[in-house]
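Copied over from TrEMBL:
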| type | residues | note |
| --- | --- | --- |
| DOMAIN | 234-318 | domain 'RCK C-terminal' |
| DOMAIN | 328-412 | domain 'RCK C-terminal' |
| TRANSMEM | 20-36 | transmembrane segment |
| TRANSMEM | 43-61 | transmembrane segment |
| TRANSMEM | 73-93 | transmembrane segment |
| TRANSMEM | 203-226 | transmembrane segment |
| TRANSMEM | 430-463 | transmembrane segment |
| TRANSMEM | 475-494 | transmembrane segment |
| TRANSMEM | 501-523 | transmembrane segment |
| TRANSMEM | 529-551 | transmembrane segment |
| TRANSMEM | 558-578 | transmembrane segment |
| TRANSMEM | 598-618 | transmembrane segment |
Amino acid sequence: MFASLPLAALGDLPPVTTEMAVVFVLVAITLVLFVTEALPLDVTAILVMVTLMVLQDWTNISVTEGLSGFSNPATITVLAMLILSNGISRSGVVQIIGRYMSAFAGTNKHRQLASTILATGPASGFINNTPVVAILVPVISDLAHKGGTSPSKLLMPLSFASMLGGMLTLIGTSTNILASQTAERIGAERGVEALHAFSMFEFTHLGAIVLVVGSAYLMTIGYWLLPERVPPEEDYLAEYEMQDYLSEVVVQASSPLVGKTVSEAIDEQRFDADVLQLVRGGERFIEPIGQKVIKPGDVLTIRTDRETLGAIANVDDLALTGAPETDPELEPSTEEDQTLVELVIQSGSSLVGETLKSSSFRGRYDANVLAYRSRGETVRQRMDELKLRVGDTLLIQAPEDSIDRLSQSPDFILAHEPDEPDYRTEKIPYAVATIVGVIGAATLLPVNIVVSALAGVVAMVATGVLRPGEIYDSVDWNVIFLLAGVIPLGIALEQTGGAELLGALVAATGEFLPAIGVLWVFYVSTSLITGVISNNASVVLMIPVAVEAALEVGANPFAFVLAVTFAASTAFMTPVGYQTNLFVYGPGGYKFSDYVRVGMPLQLLLSFVTVAGIAFFWTL
């Protein structure tokens, strides 16, 4: 049936087979699931992997091939690099560099931006760029507040600079590693000599040009386009507009709430409200206060909306006294001082997909959530049943010891550095030497990057940079399962001939476009796809098609692989295209449109710079 479609009108295209159609349907379903996030990305990837194996007769994916993503060198290399990056993070070397840059910047806004880019870009070339951003978010946020600058002016450049710097070396991004392995596999299977694995510094010269051009844009046009969503002064109640949602209620002696616990009182009256603290005789009680019995004269600080506040005002013998006006008034003056701080939900966090209620957040972390930002929207009410996602930012109130524990948790990125961070500074020489050794061995010796990276993991544990138990917490398992799940989809696209068909369709544009024009089409297409799905998934889907298109038009397939790799690794136009964009989404107070406004011109500029650079250095 599919073979009879009139595709020949477009040229010598292969016929559409049932196998191709099945894989195309799977690709379409995968894209829809990625875009809608109906399931977590890693779960979608595993579902695709299982489906490919179940439909083996049509997908040509055996059980061995379906599971090959778990043993793929790219997957293992990314896993090892995540562990190495955590070792660098725990040593504190990147944070210390960031502090020196902050001291240099002072209150000069242009020097602050330059320091952010200089601290991030080069570091991202030698440490996986995602952990670099997680490490530097608190450093740059503190730099902004202390220097009188809106964090919104610095955090998006932090994310963008990490992506630009990630293109300096093979190990800068997981996308580079996956693209390298994919190119090597296709080259071996198809007998295409031009396709090979990337060397450590294969594209460093082009990456440096991209970094310089991108940095110049961020320092000029980009800085002008960036909004000031978050005020320079660190006033969370004002920033989250909490004034209208915080009030104090005095319980009179004749109130029906007297004698009931706080939880019973809220449930019985069916108030959509949270009690943040209870004041009795000058003594303040914070969490947990749900089981505390209410007495006459108690003052309750509650968070609620105007409608519920009106209902509370109508309850007999409850008196509203107004809202606290400053952070200190919300914080108690007891021995265990409370602090307001922002937390960003980390990729791989155990809270992703959970709600505040189902995760027992208050009891689990001894912290009270006042508000949170999700995808640019600030939520201050009815939060308990909303599912948490990567990049959501929680405004919490907690004791200092709880915040110290939270700062060590792999579930969160603390938006501000703890006063006394627990870095292993005495291990810095070992951590730096290990990274240098990994890069040196992969560059100068006949050692595969996966071998040198795993050896580096062993070295970090042996030297005490990392403790054995920390290895598992270092790995973002969502990324690992995502890689393992989508790699078989790329194989299916090739083995069924789907990649050849799509490549031929794109190559048909070669009748009215030169080879460099077709190359630009692939760069832009990959950029657009990466803006709505995972960057790793876009590489797996686009590289096989790009190779086929290059062969069809008689161009250098390696050049097309590089175009796809650069485009997938520098996704600026949306907050969901790259994890680092999500990490700064909440702390920067950004809206979706901010990424489009700042990122689109940069993406367009780099499309011309990158494609021209590829054509010049590698020829077409």
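Here the Cβ of each residue, glycine as well, is placed from N, Cα and C on the backbone.
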Distant-in-sequence neighbours of the transmembrane segment (475-494), which means Cβ under 8 A and at least six residues beyond its ends: 23, 26-27, 30, 40-49, 52-53, 59-61, 65-70, 72, 74-75, 78-79, 82-83, 130, 174, 178, 182, 186, 189, 347-348, 352, 500, 502, 534, 536-537, 540-541, 543-545
Close approaches to the transmembrane segment (203-226) from elsewhere in its chain (Cβ under 8 angstroms; 6 or more beyond its ends): 110, 113-114, 117, 121, 125, 152-153, 156-157, 160-161, 164-165, 167-169, 172, 562, 566, 570, 594, 597-598, 601-602, 605-606, 609-610, 613-614, 617
Stretch-level contact, the transmembrane segment (598-618) and the transmembrane segment (20-36), CB cutoff 8 A, at least 3 pairs: no
Most Cβ pairs under 8 Å with the transmembrane segment (20-36), selected from 43-61, 501-523, 529-551: 43-61
The transmembrane segment (43-61) touching the transmembrane segment (501-523) per 3+ Cβ pairs under 8 Å rule: no
Surrounding residues of the transmembrane segment (529-551) on its own chain - C-beta under 8 Å, 6+ positions past either end: 27, 30-31, 34-35, 41, 45, 173-175, 178-179, 182-183, 186, 190, 192, 195, 479, 482-483, 486-487, 489-490, 493-494, 499-500, 502-504, 506-507, 518, 522, 557, 559-561, 563-565, 567-569, 571, 573-574, 576-578
